[in-house]
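To start, the structure under review is shown below, and the notes come after it.
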Amino acid sequence: MWHLFLDHPLLVRLTGTKYACGRGGCGACTVMVSKHDPVSAKIRHFSITACLVPICSLYGAAVTTVEGIGSINTRLHPVQERIARSHGTQCGFCTPGMVMSMYTLLRNHLQPSEEQLMEALGGNLCRCTGYRPILASGRTFCVESTGCQKKRTGKCCLDLGGNDSSSLSRESDICTDLFVEEEFQPLDPTQELIFPPELLRMAKNPEKQTLTFCGERVTWISPGTLKDLLELKAKHPEAPLILGNTSLGPAMKSQGRVHPILLSPARISELSMVFKTSDGLTIGAGCSLAQVKDILAEQVSELPEEKTQTYRALLKHLKSLAGQQIRNMASLGGHVISRHCYSDLNPILVVGNATLNLISEGTRQIPLNDHFLAGLASADLKPEEILESVYIPHSQKWEFVSAFRQAQCQQNALADVSAGMRVILEEATDTIKELSLSYGGVGESTIGAHKSCQQLIGRPWNEPMLEEACRLLLEEVSLPGWAPGGRVEFKRTLVVSFFFKFYLEVLQELKKLVKVSVSVLGNSCLPLQSVDSHQSLQDPVGRPIMHLSGLKHATGEAIFCDDIPMVDRELFMVLVTSTKAHAKIISIDLSEALELPGVVDVITAEDIPGTNGAEDDKLLAVDEVLCVGQIICAVVAETDVQAKRAIEKIKITYKDLEPIIFTINDAIKHNSFLCPEKKLEQGNIEEAFEKVDQIVEGEVHVGGQEHFYMETQRVIVIPKAEDKELDIYVSTQDPAHVQKTVSSTLNIPINRITCHVKRVGGGFGGKVGRPAVFGAIAAVGAIKTGRPIRLVLDREDDMLITGGRHPLFGKYKVGFMNNGRIKALDIECFINGGCTLDDSEQVTEFLILKLENAYKIRNLRFRGRACMTNLPSNTAFRGFGFPQGTLITESCITAVAAKCGLLPEEVRLEKNMYKTIDKTIYKQAFSPETLIRCWNECLDKSSFHSRRIQVEEFNKKNYWKKKGIAIIPMKFSVGFAATSYHQAAALVHIYTDGSVLVTHGGNELGQGIHTKMLQVASRELKLPMSYMHICETSTATVPNTIATAASIGSDVNGKAVQNACQILLKRLEPIIKKNPGGTWEDWIEAAFEQRISLSATGYFRGYKADMDWEKGEGDPFPYYVYGAACSEVEIDCLTGAHKKIRTDIIMDACCSLNPAIDIGQVEGSFIQGMGLYTTEELKYSPEGVLYSRGPDEYKIPTITDVPEEFNVSLLPSSQTPLTIYSSKGLGESGMFLGSSVFFAITDAVAAACKERDIVEDFIVKSPATPEQVRMACADRFTEMVRNYCLLS
């Protein structure tokens, strides 16, 4: 089935709408649909995800894409302008979706509230920015936009003349704002696109005849009347009804389901009717969940509170159910009929006594109850029936209804457990007259606790009743060990915890207590560095220049790899991967696949003319597979659909091999390692342990992390007509590596291969090595067929094949004095490298080198091993071992503090942090002065000490909620530990019209490297940036480049650009001296006339870096970045949920080249790190199959996960002669600062455990998911569950 724009976007050349997940979960493909609503007779605008919307469903609708609202060539829409100028774009792949979500919001609400803005963007994911600048741009449209949180006057403390920015010098410096809101063009609703008159005429005189669309395998039938629909349903009883396609669509994609006939009731107005009566509300089954939300909100505002208990409960869940786009598409009827076990609404509708109105030849009503949701024939729809509407009765006086859910994160996540609960009390008493409890997520369908409820009738609503209810619930709602989704003990605990929360809520209502509302996300204040007043206004260095491609990101005109138009005779490639974790390949049968229409060939290892990868890391598997997801062969066909069908016909026979190793523990048992142990040691650790007051031993477990770059891996290979030349367009951080790999694979010289990188939709390390594999396989296909090849991975395949951050298991032994001073620390680390070496040895080395973080401990021993397992090879990831390893070190500090009865921050700074110029464990000298400044500045700006007192006071007064606060220091080493990897080159051309073309070896990943390079060139040539242009990164212009990674891309390439510009300016000096009053154009014309070369290659030999592992010493890193972060959280001890109240970050940027871009890097890496430590969890089957292969199962932070108050400051400028203009690379360092949220959660859990007299076990597990937090906060409910498990 073709979906809107995304199956064949190149046919209509609308490439602004991006394809990222294919399941409606990320929002990158958001567009606006406008329809005439026959009920209200108004035009309804709503956002949808194009990847799920069948084209057939759009009859009579107007579709607006990002290209339709503005363009850099005509006129920008205010939404596009503001998101770009607010620095809300980095890689830009998600930006068109963000723009369209905001645009649709403004079409419906000219001045939205901040809550509406948050709801509108809740279904849009961004992996780069950290969301703060996106929200800042949206807030400029909001009615209550208040600017800086420090001054509720609508002005920011960064404004000129402000008196609150104490960190800025007022004598010689001027302030540089992120953006000036007054310069934005106003939003003029009269200039918006009108609904097409032809469609309006069609809507007012609707076509009643049935529309039929016939596809190759599916027929779509859209009747015009209810009578026709019923006749069709009677004729095709097995045909599903489809409205939003939010349930059927993903199932068809992931499970390969094909329904020959689909019936669309979208044109049946009777299914969208709403009827209000004195006793209840009837809502048409065809109403979207967004419409249901509006209908219920209207009822709540109109009716007395006692009548709207069920409606309020439904509204609570509708706000967090999926994202706005899915709510706009999914229908009430579809949600009910789908009967998902994890449904949020069905448990509430069950306890609310909802009724389903069915229609066929006649009508009948059935209760929406457990029997219906379990699919029992006696309580189900008949094959010829359809659901017309849902009746939801009003609640009554003394009736209380509540809804609960707990998911991995609060927005856009499937619930682990959901519940609807209702009680009616005898009038003016606390005696239970009627009780109804219903749970989702604890069985194969929604489950009711009828026996428990029946036994509790007549009981008073008191503590003994609560105890009895929990016992009964555990007996009745008994999850088997194989329950869907696992997490049995956690889910059982939630079953009783939810009831306890309901118990408390009803008590509060009975006592007339007023609840406190939750605040919406606060604004953020971002004090930037100041720019010297003597600096030329023309000099852009140090100023918050907008990302060069920002406006193009916002209009969808920025071209990514897959946006490149199809070339003549182009073929599509799809990869065939192993379904076994460790097996011998017995046979591969390609015959059925090759017979399918459109299939041109299947590429196997036998087709490779050169080298098939490395001996232990094959491009295409030969004889043996080492993991699920290993590439075996590749199908090339005329279309991607044909290629995907063909892979299902390839038959591979395996023979299982032993051993099969998945975990680090298994690898240790089997002595399965990828490389020798790495070790660093100083002092005499054994002697030190004998002299300490106390010793603690502990474990730290850190889970893996998926890169989840918004643009999946993709490559286009175009063979040329002669000399075996290839043009390769690839999304990579290292085009030279792709070039070399293709060369060795095809056995042709490197000089025949040109790799082009325009921009990359996010990388984070995941596009350093893997793109070379895909480029090489596609190149083999191109050479064999003689035709261009396009290879674009689906999200599921990308996550299955590519690997990610290395999971870690660490053991520590720490010896310390009673005052908290650590005398000895012994850490042994094991990382899960997967089935091949990849970057695991370097990750192990970096992990060991960086383990000490900010602490001077005299006696140390660090050891590390990379384990070989039967999982896809893990690879480079932002931070490169530092975020995992340093969590062990900080956990040691926390453990020491707990044993000494001290606060962690005291043990960190006062007892153990570097204080004076010293040497690291590997004997590299450094000064900790800036580290201490960051720490003290963070303490001050966060008001840490006063807030610590407030947290303690809060915890004394609250048993079921606890707050935690933590401050974490950071010493992050930048760069590769090898001099040759720090070299860089650039090529600068000046053309005769005076324009300048800059090319360098760095790749634009969203980190703004091209913007910074033009800032450097502008300063060096003393020329406005408007004269300059960067086209792309190409191996034909700058050869032998190094990967854009390790935070040094701007550093080293900036030096190369600087060198090239200085060479050119040196050549122009005689001409400028001769004609000092001339213009730039005059000088260039004169230089050309005098035969002076206007092209120069710049080169930077690199920073010196070396490490001798035999001696355990060296200078492996050119410099350090220092920082500190303070975070405060509040946890719900009953559910494990947490909210992030505030984060303050101080980062040492020295003299930032571009503070807006650098702050964006800090924010983005912090939020990504926060995801690593709190929500991002990889799940595998017992057979080694990755379950979490998309945004439904794998939860990166959403916009609602951003701290309510989020402050980022760059430390006032300092100087370092080593780097370009004393700047520092900040791409990775903020990642670990996300652990401040983890340790704040740990602090809150510790407070709960202390109050409950729970002994700390010093086993740390990351991520701190709701399950981990809830089970750590042991109480009588967890005890009930454990006792029940023992008894049963």
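Every residue number used here counts from 1 along the chain in the order it is shown.
From the backbone N, Cα and C atoms, a Cβ is placed for every residue, glycine too.
Any TrEMBL annotation is an automated prediction that lacks curation.
Within the model, the domain '2Fe-2S ferredoxin-type' (1-69) carries an average pLDDT of 86. What TrEMBL records for 1-69 is domain '2Fe-2S ferredoxin-type'.
The [2Fe-2S] cluster 1 binding site annotation in TrEMBL covers Cys21, Cys26, Cys29, Cys51.
According to TrEMBL, the feature [2Fe-2S] cluster 2 binding site maps to Cys91, Cys94, Cys126, Cys128. The number of other CB atoms found within 10 A of the CB of Cys128 ([2Fe-2S] cluster 2 binding site), across every protein chain shown, is 29.
Summarising the annotation, TrEMBL assigns domain 'FAD-binding PCMH-type' to 213-397.
Contacts of Ser247 (FAD binding site) defined by a Cβ separation under 8 A and a same-chain sequence distance of 6+ are given as Ala330, Gly334, Ser338, His340, in order along the sequence. Under the heading FAD binding site, TrEMBL lists Leu241, Ile242, Leu243, Gly244, Asn245, Thr246, Ser247, Leu248, Asp344, Leu387, Arg405.
Around the Cβ of Arg878 (Mo-molybdopterin binding site), the same chain contributes Phe764, Gly765, Ser1165, Gln1168, Gly1227, Glu1228, Met1231, each under 8 angstroms and 6 or more positions distant in sequence. Residues annotated as Mo-molybdopterin binding site in TrEMBL: Gln733, Phe764, Arg878, Ala1046.
Under the heading substrate binding site, TrEMBL lists Phe880. Around Phe880 (substrate binding site), taking its Cβ as the centre, 26 other Cβ atoms fall within 10 Å, counting all chains.
Break the domain '2Fe-2S ferredoxin-type' (1-69) down by DSSP state and the numbers are 14 helix, 21 strand, 34 coil. In this structure the C-alpha atoms belonging to Cys26 ([2Fe-2S] cluster 1 binding site) and Asp344 (FAD binding site) are separated by 20 Å. Asp344 (FAD binding site) sits 25 Å from Cys29 ([2Fe-2S] cluster 1 binding site), taking the C-alpha atoms as the reference points.
Of all the binding-site residues listed here (Cys21, Cys126, Leu243, Arg405), Cys126 has the Cα closest to the Cα of Phe880 (substrate binding site). Counting only residues at least six positions away in the same chain, the Cβ atoms of Leu52, Val53, Pro54, Ser57, Met329 sit under 8 Å from the Cβ of Asn245 (FAD binding site).
Taking all protein chains in view, 27 other C-beta atoms sit within 10 angstroms of the C-beta of Asp344 (FAD binding site).
Distance noted between the C-alpha atoms of Ala1046 (Mo-molybdopterin binding site) and Cys128 ([2Fe-2S] cluster 2 binding site) is 16 Å. Among the binding-site residues listed here, namely Cys29, Cys51, Gln733, Cys29 has its C-alpha nearest to that of Cys94 ([2Fe-2S] cluster 2 binding site).
Across the structure, Cys126 ([2Fe-2S] cluster 2 binding site) and Cys21 ([2Fe-2S] cluster 1 binding site) place their CA atoms 12 angstrom apart. In sequence order, His317, Ser320, Asp344, Ala415, Val417, Ser418, Ala419 are the residues of the chain that are 6 or more apart from Arg405 (FAD binding site) and have a CB within less than 8 Å of its CB. The Cβ of Leu243 (FAD binding site) has Ser57, Ser264, Pro265, Ala266, Gly286, Ser288, Met329, Ala330, Ser331, Gly333, Gly334 as same-chain neighbours under 8 Å, each 6 or more residues away in sequence. Reported as a whole number, the C-alpha separation between Gln733 (Mo-molybdopterin binding site) and Cys91 ([2Fe-2S] cluster 2 binding site) equals 13 Å.
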